[in-house]
Amino acid sequence: MDPKAVKSELVLILDYGSQYTHLITRRIRSLSVFSLCISGTSSLKSITDLNPKVVILSGGPHSVHTPDSPSFPAGFVEWAEANGVFVLGVCYGLQLIVQRLGGEVRVGEKQEYGRMEIEVEINSGLFGSKKVGDKQVVWMSHGDEVAKLPDGFEVVARSQQGSVAAIESPIRRFYGLQYHPEVTHSPEGMETLRYFLFDICKVSAGWSMENVLDEEIKVIKSTVGTEDHVICALSGGVDSTVAATLVHKAIGDRLHCIFVDNGLLRYKERERVMETFERDLHLPVTCVDATDQFLSELKGVVDPEKKRKIIGKEFISIFDAFAHDLEQKLGRKPSYLVQGTLYPDVIESCPPPGSGRTHSHTIKSHHNVGGLPKDMKLKLIEPLKLLFKDEVRQLGRILDVPQGFLKRHPFPGPGLAVRVLGDVTTGNALDVLRQVDEIFIQSIKDAGLYDEIWQAFAVFLPVRSVGVQGDQRTHSHVVALRAVTSQDGMTADWYYFEHKFLDDVSRKICNSVRGVNRVVLDITSKPPSTIEWE
């Protein structure tokens, strides 16, 4: 979608590498205000072309004292002041403002990490009706501290240790928070963002999924020529289903859907998905069985990045072949490929500034983003690439996509290839994993827990353990179970199952799946881990 067409003034986030940056974007959108996140080292033209009403400088793991610390471009301050743009610095962003505008930042005598109480020193729009002396708990994460403010700035609040916690210069429209208002550990942080955006900046709230739907249909119609045909790869998950429904609404029967069985699907996934496409969505879908093609290319490959790249390459080769067959049938070549790329995919595949890379540090290459070959003959349409998962579900409801689809847990594009650690073709690893995963998911559904969990799945580990089954010593496989809660997939907490549930599931797996004698539970949040194991 075109940010300039959105019926809301843009709040632009300049990302300096904080693990919480995406949360600022998400929190602002939850206030019905459109927000985008771009690299903190973007050119001034990249920033001004987006015409933001507000710019937020994110936190980051850097120190303004290091020579290569990332910063906003030359001319940014002058542009913001000349055009009435409001600027808010968060954590590292506050220190950037102080240093670049003539103040002083020094290494703190006492570092501040975690929950910290701050006290208001002057009445400020940042804290609404709070008065001098009022206190609140916030989440700190900094080692440097402000020693001297630039001209025209005042201290709004200090921490219990006496460090500067909030600053402002209303005349220059520059503000700063030394803590993270976007995280839930700052209980009043959302109120502070609300005060800043609506009371100080006077931002208008007009961001809605109805706007997104209307705008995306316009974009698709203007992009795809009246005679052009489009291929859509359907996985049976939320993202591709909503993307297909959206494109179908825009161009009708010039959309041609393909479902690829790559041999890496879950238990009976192919049969279940095809039945739903035909019965509920009424989409014309061609099913291609490419099991042998994918598994032969993956044989012996253990590196997860290589697996993702191979799978992305094989998908594109199949789409190319499908497009060629369509060309013979239609008498013209299909021009576009639809993918359900989401905003977290784009963010995670782009490196934070200061890492020595041109984008952010690559956590993993998404097959929708980093795995596509340069010589791909089909042009991409990615109607969801500026949306988070919960926003895609909202869009799906407006499009009348069946609730069963919208409630499905996310499933990775590379499928079970990233849930079988190591070589996916080793022994019967895929079959074992399918059975274990089916027992786990069905048990979650039977317990009425499915909708409480963002994502749940099993992982096949490349180790064996000693066990005793049927009075005999066994040396069998180990599987891991993972279930997390999340709002947008960017951060996640592991789900707290009752012990009895885990005991029942473990017994079912070991008694029903031949070759498994040990079940372990993943109790790691994101960060430090990703949701998937590879």
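Start at 1 and count along the chain as shown; that gives each residue its number.
Keep in mind that glycine also has a Cβ here, set from the backbone N, Cα and C atoms.
TrEMBL does not curate its annotations; it predicts them automatically.
Here TrEMBL flags Ser235, Gly236, Gly237, Val238, Asp239, Ser240, Thr241 as ATP binding site. Long-range Cβ neighbours of Ser240 (ATP binding site) (same chain, at least 6 residues apart, Cβ-Cβ under 8 Å): Cys232, Ala233, Leu234, Val338, Gln339, Gly340.
Per TrEMBL, the feature domain 'GMPS ATP-PPase' maps to 207-408.
Contacts of Gly237 (ATP binding site) defined by a Cβ separation under 8 A and a same-chain sequence distance of 6+ are given as Gly340, Phe405, Arg408, Pro410, Phe411, in order along the sequence. Each of Leu234, Val242, Ala243, Gly340, Phe405, Arg408, Phe411 belongs to the same chain as Ser235, Gly236, Gly237, Val238, Asp239, Ser240, Thr241, is absent from that list, and has a C-beta within 8 angstroms of the C-beta centroid marking the ATP site. Sequence-distant neighbours of Asp239 (ATP binding site) (same chain, 6+ residues apart, CB-CB distance under 8 A): Gly340, Thr341, Leu342, Leu384, Lys389, Val392, Pro410. On the 0 to 100 pLDDT scale, the domain 'GMPS ATP-PPase' (207-408) averages 83 in this prediction. The binding-site residues under consideration are Ser235, Thr241. Their Cβ neighbour counts within 10 Å are lowest for Ser235.
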